[in-house]
Amino acid sequence: MSNKKADSKPQAKYPVNLLDTPFPMRGDLPKREPQWVKEWEERGIYEKIRAASKGRPKFILHDGPPYANGDIHLGHAVNKILKDIVVKSRNMAGFDAPYVPGWDCHGMPIEIQIEKQFGKSLPAAEVMSKARAYATEQIEKQKVGFKRLGVLGDWANPYKTMNFVNEAEEIRALGKIIEKGYVYRGLKPVNWCFDCGSALAEAEVEYKDRTDPTIDVMFAFAEPEKTAQAFGLPALPRAEGGIVIWTTTPWTIPANQALNLHPEIVYALVDTERGLLIIAEERVAACMADFKLTGRVVATAPGVKLANLRFHHPLASAHPGYKRTAPVYLGDYVTTDTGTGVVHSSPAYGIEDFMSCKAHGMTDSDFINPVMGDGRYIESLPLFGGLSIWDANPKIVDALNAAGSLLRSEKYTHSYMHCWRHKTPIIYRATSQWFAGMDVTPRDDGKTLREAALEGVEATAFYPSWGKQRLFSMIANRPDWTLSRQRQWGVPMAFFVHKETGELHPRTLELLEEVAKRVEQSGIEAWQSLDPRELIGDDANMYEKNRDTLDVWFDSGTTHWHVLRGSHKDQLQFPADLYLEGSDQHRGWFHSSLLTASMIDGRAPYKGLLTHGFTVDGEGRKMSKSLGNGVDPHEVANRLGAEIIRLWIASTDYSGELAISEEILKRVTEGYRRIRNTLRFLLANLSDFDFAQHAVPVDEWLEIDRYAVAFSAQLQTELLGHYEKYEFHPVVAKLQTYCSEDLGGFYLDVLKDRLYTSAADSRARRSAQTALYHLTHGLLRVLAPFLSFTAEEAWKVFQPASDTVFTETYYAYPEVAGSAALIEKWALLRDVRGNVTKALEEARTANRIGSSLQAEVAVHASGARYDALTSLGDDLKFVLITSAATVVKVDDEAQESVDVAASKYQKCERCWHYREDVGAHADHPTLCGRCFSNLFENGEIRSAA
């Protein structure tokens with residue numbers, strides 16, 4: 001610190017050491033923060049951090065890329081600020097912790113924006129050109145928002161999944177997993193959005209309530225004799241009747257190809273007014289009530305006995321096109337929780353149906369698949385051709401009723417799959433797609449993808465720990481990954497496929513590398529414009545370019561390949577130490593990254609996974625436009641300061657929901673002010689202190705100063721332990737307690753008399769300032785990861801010759817001999833002080849004293865308390881902030897008490913103590929003896945406080 005005082009007020013007759021500081025009481029954050037952002041950028045602070053960290057062990061937090069579309073919202077702020085706290089705290093812990101931000105650039109949302117602005121008929125080359133420009137514009141907007149929040153990083157050189165080198169490396173990653181044998185092409189039901197016109201990833205599906213028709217439908221007997229035999233009857237009692245299914249998707253009935261029963265469930269043949277009905281025995285009573293029928297069980301048989309029986313399609317009498325029969329297959333997935341215990345199977349529209357029919361010998365060409373990509377039936381479908389499936393639902397119900405097959409129809413509200421972009425219902429739809437097989441044995445006969453990924457989960461540290469089971473169960477139960485998409489703005493699956501067989505070209509791996517080289521030079525547009533003959537010559541007569549693009553989750557899911565080991569390999573490394581995202585990313589980026597790394601490397605791409613919750617309002621409700629309870633981080637930053645957002649995030653247990661409201665922000669702001677006031681006190685009282693010139697050796701410090709430094713060092717050890725485990729809210733809570741109670745409520749309160757009234761250059765005052773110097777060093781560094789603007793502002797006052805607080809590491813406090821015993825002793829003293837303060841307050845309330853300095857106290861103490869109190873000698877009064885203090889020994893704790901009496905002496909004009917020696921010097925009648933000594937003689941001697 002400089003030994004120059006700030007401009008001081010006119011000197012009083014008996015001056016005290018009341019110093020000022022350029023660090024203002026009011027933060028004026030909305031005005032000052034943008035100036036710091038500008039200064040950090042202009043002065044290259046991030047680059048200076050990198051230079052200072054060079055050669056240290058690396059710590060890599062890999063940034064999960066936000067999508068390059070739209071303004072940043074509060075969820076973005078939570079995510080980026082948590083990452084910033086981690087990175088800054090790891091740098092200060094002695095690591096080289098770079099932060100390379102990234103953006104996810106391809107995919108549907110941007111393509112939709114281009115369609116909205118320019119229509120759907122743009123040539124592919126123009127779509128790509130405009131998509132690139134749009135993504136670039138969005139990135140620049142978001143970048144400004146993130147920097148405004150105080151996030152330091154390599155903003156000049158972020159990674160973008162649309163950069164040519166990243167696109168090229170993604171194609172190479174695709175080549176890697178093909179080479180290993182994980183990729184296959186097949187017909188399979190996938191999540192399909194009619195509005196997207198494309199398959200969806202699991203992470204792009206959300207569930208919302210929807211009301212649909214629920215129907216019970218009878219499939220009439222096609223083999224009455226065999227059916228009778230299955231139930232142990234010589235013949236069916238009557239010809240009418242059949243087997244009954246229940247479904248909430250009437251639109252799948254035209255595509256029915258089978259019926260599924262559980263092998264062990266007992267099925268009943270029930271005689272009713274509508275004929276003989278086959279229903280699970282335990283569902284008979286409920287179904288009869290639902291169908292408003294009376295029934296008598298004629299016979300029963302387990303499902304296994306009914307296998308391979310055939311029944312007529314329920315629309316067989318309505319149109320010749322439905323004159324087919326459905327076989328009974330057995331499936332363990334059939335239950336009797338609801339419905340009839342019989343499941344109708346349209347294999348083109350359900351994964352379990354598909355697997356069951358495949359297992360029973362159906363080939364891809366056998367599947368009836370009448371729903372087109374836009375959600376309409378093909379024109380040739382009998383009765384319903386050209387209709388959208390949702391419009392067809394009621395017409396199918398009517399047709400079933402007219403055919404005599406309908407037993408019941410009602411409205412049913414259930415949780416149903418929707419597209420996360422369009423918020424519209426989606427279906428499973430069998431299409432020819434490229435898949436990564438979860439249970440495929442790779443060519444090296446190593447572990448399957450599922451096995452490798454589950455091992456990766458086990459090897460990963462999770463924060464919080466419950467994330468492990470969540471990700472494990474998702475991987476354990478997930479279907480094969482649909483890699484392909486039917487879009488334009490995406491990285492191509494740059495294959496050449498045989499026009500007749502659909503087989504890959506035998507030189508596929510070599511060709512992928514050739515395409516990657518071109519993409520590296522010109523982007524994915526190089527594939528669009530490529531004439532196949534350039535690469536495969538005359539083979540172009542037999543092979544054509546595959547038109548599918550890669551799932552965007554493959555884009556971001558391979559950043560461990562094309563960023564950590566690709567575009568930014570000089571700064572980053574594989575595996576990353578930490579991936580940090582919202583808890584939805586267990587099925588998103590965490591998930592896709594784990595799968596791709598398991599295929600390419602046989603391991604997880606991260607050592608640790610940290611998840612945070614979502615933001616909610618003060619009442620725990622999710623933020624939504626309809627509720628009008630959203631909080632805009634820009635608005636809060638411009639009104640209260642980004643520092644308040646940072647402090648709110650750091651002080652909240654992010655493992656659950658993060659609640660925010662005006663009341664919560666008000667409390668955060670009050671907490672901020674307490675920290676700021678502490679810093680202001682420290683800086684003001686160091687403004688005439690130069691460490692090189694004024695520092696006092698540790699062994700010459702007053703005892704309370706040694707205690708304060710020992711206590712602060714112990715606290716720092718605790719805080720760094722929390723930082724290491726990414727536990728930020730205990731860091732904030734303990735620092736707020738430290739500032740308000742340990743410093744403001746105790747140490748600094750005791751120190752004021754010594755700082756203000758001791759001789760300016762006395763050992764007593766310089767001892768206090770030396771301790772404050774160390775405390776300030778320590779405090780600013782542990783605050784810096786989350787209160788970045790304030791710590792930097794204070795640091796520039798405290799260490800003006802230093803570039804930035806962010807190139808520092810956590811402070812090495814000086815060793816204090818016997819620190820543990822000292823901390824224990826002063827904990828006792830603080831406990832006694834609490835009792836004294838309470839007694840003083842009672843005396844003040846009773847009008848026996850005014851301020852605490854008007855009091856003289858006698859503390860009755862026993863044992864260790866007595867020893868601790870007497871060890872302070874006459875300095876005890878300074879600790880208790882009274883004008884006099886004596887200690888009386890008692891036998892035990894039960895006899896301990898505090899006596900308070902008003903001093904009978906005069907008040908010193910300068911120090912405000914009431915002392916017998918006020919006026920002892922005739923020339924200075926209002927001054928006490930110690931103030932006279934401090935001003936005109938050698939000064940008082942203090943040893944403890």
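Any Cβ shown, glycine's included, is placed from N, Cα and C.
Look at Swiss-Prot and you will find 66-76 tagged as motif ''HIGH' region'. Listed as Cβ neighbours of the motif ''HIGH' region' (66-76) (distance under 8 Å, sequence separation of 6 or more from its ends, same chain) are residues 103-105, 107, 109-110, 113, 135-136, 138-139, 141-142, 145-146, 160, 582, 614-615, 623, 630-634, 660.
Counting Cβ atoms from all protein chains shown, GLU581 (L-isoleucyl-5'-AMP binding site) has 20 others lying within 10 Å of its own Cβ. The L-isoleucyl-5'-AMP binding site annotation in Swiss-Prot covers GLU581.
Beyond the motif ''KMSKS' region' (622-626), the same-chain residues lying 6 or more positions past its ends with a Cβ under 8 Å from any Cβ of the stretch are 74, 614-616. Sequence annotations record features per position, and here Swiss-Prot assigns motif ''KMSKS' region' to 622-626.
In the structure as shown, the Cβ atom of LYS625 (ATP binding site) sits within 10 Å of 7 other Cβ atoms. For LYS625, the entry in Swiss-Prot reads ATP binding site.
Feature annotation from Swiss-Prot assigns Zn(2+) binding site to CYS908, CYS911, CYS928, CYS931; the stated evidence is sequence analysis. According to its DSSP assignment, CYS928 (Zn(2+) binding site) is coil. A sphere of 10 angstroms centred on the C-beta of CYS928 (Zn(2+) binding site) encloses 28 other C-beta atoms.
Nearest by CA distance to LYS625 (ATP binding site), out of the binding-site residues CYS908, CYS911, CYS928, is CYS911.
Checking each of the binding-site residues CYS908, CYS911, CYS931 against GLU581 (L-isoleucyl-5'-AMP binding site) by C-alpha distance, the shortest gap belongs to CYS911.
In this model, the motif ''HIGH' region' (66-76) carries an average pLDDT of 93.
In the shown protein chains, 27 other C-beta atoms lie within 10 A of the C-beta of CYS931 (Zn(2+) binding site). Following the DSSP three-state reduction, the secondary structure of LYS625 (ATP binding site) is coil. The residues near the Zn(2+) site, meaning same-chain residues not in CYS908, CYS911, CYS928, CYS931 whose C-beta sits within 8 angstroms of the mean position of the site's C-beta atoms, are THR757, GLU909, ARG910, TRP912, HIS913, ARG915, VAL918, LEU927, GLY929, ARG930, PHE932, in sequence order. Sequence-distant contacts (6 or more apart, same chain, Cβ under 8 Å) of CYS911 (Zn(2+) binding site) comprise VAL16, ASP753, TYR756, THR757, CYS928, ARG930, CYS931.
The Cβ of CYS908 (Zn(2+) binding site) lies under 8 Å from the Cβ of TYR914, ARG915, VAL918, THR926, LEU927, CYS928, CYS931, each of which sits 6+ residues away along the same chain.
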